[in-house]
Amino acid sequence: MNGKFDKYEYLQDLMRRRGFAWGSFEIYGGSRGFYDYGPLGATIKRKIERKIREAFIREGFFEIETPDITPEQVFIASGHVEKFVDPVVECKKCGMRFRADHLIEEFLGIDVEGKSAEEMSRIIREHGLKCPECGGELSDVFYFNLMFETYIGPYKDKKAYLRPETAQGIFVNFKRLNAFARNKLPFGVFQIGKAYRNEISPRQGMIRLREFTQAEAEIFFNPNETEHPHFNEVKHEKLKLYPIENQLKELGEVEVTAEEAVKRGYVMNSFFAYYMVMIKKILLDIGIPEDKIRFRQQLPEERAHYSADTWDAEVYSERFGWVECVGLAYRTDYDLSRHMKMSGADLTVMIHYDKPKVVKRIQVSLNMKKVGPKLKADAKKINEIIKSMDQKELEKLVKDLNEKGKVTIEGYELSKEDFIVKEVEEKITGEKIVPHVLEPSFGIDRPFYLLLENSLTVDEDGRIYLKIKKDMAPIEVAVLPLVAKEPLTTIAYEIYRTLQKEGFIVVYDEKDSIGKRYMRYDEIGTPYCVTVDNQTPEDGTVTIRDRDTREQIRVKIEELPRKLKELIFG
């Protein structure tokens, strides 16, 4: 193989030609940001989802399924209507739109992460940046919401969106899920499904899609109890980390154990480190090489509006560099608190103490004798507002009265003398809290592509094949008669049917020479070819050919299912 071999271009051709994946709507010219999975690709995708699902279930997480279409008020509460936006410029000549930050970084080499629309507009003007399609003048930068908008039913007032993440379907069901978990923290809930983001100018093939599959888990926990109960089981596992400080100083990654990651303060607690290890193990189980995996901490300006800290599990691509495949976001109580406020639902959990506690509380009420004549009918309303305040709000009210001498409620200016403030002691057996959330969020499409890219192998003799993890292969076994003649074909077909019944993904193929057939199945990653040759009718044995080594062993036909299970699944 010469030095001009382009792995990306070869892989794109292979995916289209052999039934892995290709751009959607081809006969109508295609549409960027959409991909179809062919028979082989759909099988691998299903296996990736299964690996993630099995890992989540082993952790004791509950699986649910919720709608893709979501009413607008859910995303108003979650902040997506206001904040799920990207900066855009439009060509005044041809009308094409582009991500402003990507355009500036690609053509000017200027990092504009965290810059405002006004600042990016100024950079475009000062450097004379033009439309890359036609050379026309670009507009000022404006923001574009990435959610696909729709309506529920025929009424325009029933606005809805295709969900940009699966997470909100879990949060709005928290009350029922908490009851299912018997009000005991921590617990995890996950779902696997489609998400949609109306990307402005998606490029990079399957790396940036408008419709994609996610596997997201929301782990609800008490923020006062951040030690994972099973951390000792994983504390010696190695993690390659790229924290913010190292990024800013260009120091590169550090490799530490999960325990060291917590002790050195790279991650905030053992909950974080535990799920980093879980994510790494899932990626390894899918077949991503360990040396191609790292965890990069997002810079503050990169984080989503709901995140207090996020680490991305990235996988290295020869074509695209480090690619985010899994996010691990600390969402705090952001989502549940917002949905409580918007919906009025109680999304708290009662935490019971081992022993009752005596606590001091502030009680505040209106001095009705003093303010009654002034407030008249509104006095009762204002008193109810005060009663609805929690301790933090009452403490702030008292602090404002002490410092400023007055506060304003419902348009009425009230002085310190208008209130009765008492400090009382109460014996309590527990407290209500809003749980915090840690979210491992897997994309499925990116790991799919990166698994194929990292599996594509070129031997010294020029053989090109997918060295995919054996249990991830889309076809696990190919049964091949040496030549298309009796009795070899009948014996081979009977073996094929037996392996089907044993649960293997298996094909029967008698077309072309045996060498061409070996190449055909090597190329798509089939780990083993079973060959029925002239010796088979004599002694009831067949050969099993290994994809990677090309070595062959002979086994009895009756031993074939057991041997293949051992070779493929261990």
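Each Cβ is built from the backbone N, Cα and C atoms, and glycine gets one as well.
Per Swiss-Prot, the features are:
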- R99, E165, F212, T213, Q214, A215, E216, E439, P440, S441, F442, G443: substrate binding site (BINDING)
- 197-199, 207-212, 324-325, 443-446: ATP binding site (BINDING)
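Recorded features from Swiss-Prot, shown on the structure.
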residue : record                 : contacts (Cβ under 8 Å, 6+ apart)
R99     : substrate binding site : D86, P87, V88, I200, S201
R197    : ATP binding site       : L146, M147, P164, R210, F212
E216    : substrate binding site : E165, T166, A167, I170, F190, Q191, E439, P440, S441, F442
C325    : ATP binding site       : L283, D312, A313, E314, V315, F442, G443, R446, P447, L450
I444    : ATP binding site       : K45, I48, E49, I52, I192, F212, T213, Q214, A215
Request  = Output, ordered by sequence, the same-chain residues six or more apart from E199 (ATP binding site) with a CB under 8 Å from its CB, or 'none'.
outcome  = G33, L146, R208, L209, R210
Request  = Determine the C-alpha span of the substrate site listed in the record, that is the greatest distance between any two of R99, E165, F212, T213, Q214, A215, E216, E439, P440, S441, F442, G443, in Å to the nearest whole number.
outcome  = 27
Inquiry  = Among all protein chains shown, how many Cβ atoms are found within 10 Å of the Cβ of Q214 (substrate binding site), not counting that one?
reply    = 21
Ask   = Per residue, counting other C-beta atoms within 10 angstroms of the C-beta, which of the binding-site residues R208, R210, R446 reaches the highest number?
value = R446
Ask   = In the structure shown, with every protein chain counted, which of the binding-site residues F212, F442 has the densest set of Cβ atoms within 10 angstroms of its Cβ?
value = F442
Ask   = When DSSP states are folded down to helix, strand and coil, where does Q214 (substrate binding site) land?
value = strand
Task = In three-state terms from DSSP, label F442 (substrate binding site) for me.
result = strand
